[in-house]
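**Q** To start, I am sharing the structure in question, which I have written as structure tokens.
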Ligand code: 13P
Ligand code: SF4
């Protein structure tokens, strides 16, 4: 990096060029997308205005499936860094852009690859299943990747006697252990957003809304999941609220998903599960780094780009493809 422009990008993680205030940014993004044959993939935790402009909105599994099959030249990933890396691994010839390179993930950060490699050495006869919320380097150390919507099935796809290391999310790992009855060796990582829910406040809220169902993401802690009427990935939770006949839901996950829930079921009420006193809300500070302005600049300048060394792409691709094959076979 040598120009002032590039140095600025390196320091901030996004293009900070002023945008002409007279333009309609949404129309401009649509236009740029067409001109450049670009596709915008957005996670459910993105700001509503980003979700509304996306070509595809989904959970981690759906986003990986889209990234693998798109014929666009450019993928703009409105999500976090590990998601953009996964898209690059699945479509290495495509340009993958992330509106803000600093959109990381506390769960991914809780598992540094060099420490995980040492951990893995202690269990030479174990297979490694990693949750997709991790770096490309960690995926390269794995046998199979999974997401929250297929973790149980991925574990069950292996013979009963197969010993397994599961990482980096200990909460999802505990949930999978319970559902499958398998004894997994867990890495001790967690997501900062899903560990903030207050059990006492949820109990109080349920007393206030006795007809509301409580739904939770499996990244939540065990004592929170124990209270849930439904546990699932973001797309699983969304589907549940569409098909279920309750009228009110208390939702224990990042609050971005409420936008799609409300859109799909406008007559129902969705209440974010209350966090503890330390946190003001259930927003993921990483996911929420992306803005419509950063997305516009990213598409306009085709920067910042997420790139990976070819050997990591090759090694990380196998466990992700294995997950996609199993998911396809199971119709997930
Ligand atoms: P899913 O959307 O796959 O359930 O993942 C949730 C999450 O925490 C993504 O960062
Ligand atoms: Fe990572 Fe949690 Fe944010 Fe998802 S919600 S990106 S797991 S920190």
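A Cβ is built for glycine as well, from the same backbone N, Cα and C atoms used for every other residue.
A TrEMBL annotation is a machine prediction, not a hand-curated record.
Got these off TrEMBL a minute ago, pasting:
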type	residues	note
BINDING	43, 60, 131, 132, 133, 148, 217, 218, 219, 234	iminosuccinate binding site
BINDING	105, 191, 284	[4Fe-4S] cluster binding site
**Q** Where the criterion is a Cβ under 6 Å from an atom of ligand 2, which of the binding-site residues 43, 105, 133, 191, 217, 284 meet it?
**A** 105, 133, 191, 284
**Q** Can you tell me whether DSSP puts residue 217 (iminosuccinate binding site) in helix, strand or coil?
**A** coil
**Q** Binding-site residues 43, 131, 133, 217, 219: which have a Cα within 10 Å of residue 105 ([4Fe-4S] cluster binding site)?
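**A** Checking each Cα against residue 105 ([4Fe-4S] cluster binding site), the hits are 133.
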**Q** Given the binding-site residues 43, 217, which one is most crowded in terms of C-beta atoms within 10 angstroms?
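**A** Counting every other Cβ within 10 Å of each candidate, the maximum falls on 217.
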**Q** Around the C-beta of residue 133 (iminosuccinate binding site), how many further C-beta atoms are within 10 angstroms, looking at every protein chain?
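**A** Result for residue 133 (iminosuccinate binding site): 26 other Cβ atoms within 10 Å.
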**Q** Calculate the distance in Å between the alpha carbons (Cα) of residue 217 (iminosuccinate binding site) and residue 191 ([4Fe-4S] cluster binding site), and round it to a whole number.
**A** 11
**Q** Across all chains shown, how many C-beta atoms besides its own are within 10 angstroms of the C-beta of residue 105 ([4Fe-4S] cluster binding site)?
**A** 22
**Q** Near the Cβ of residue 219 (iminosuccinate binding site), how many other Cβ atoms are there if near means within 10 Å?
**A** 25
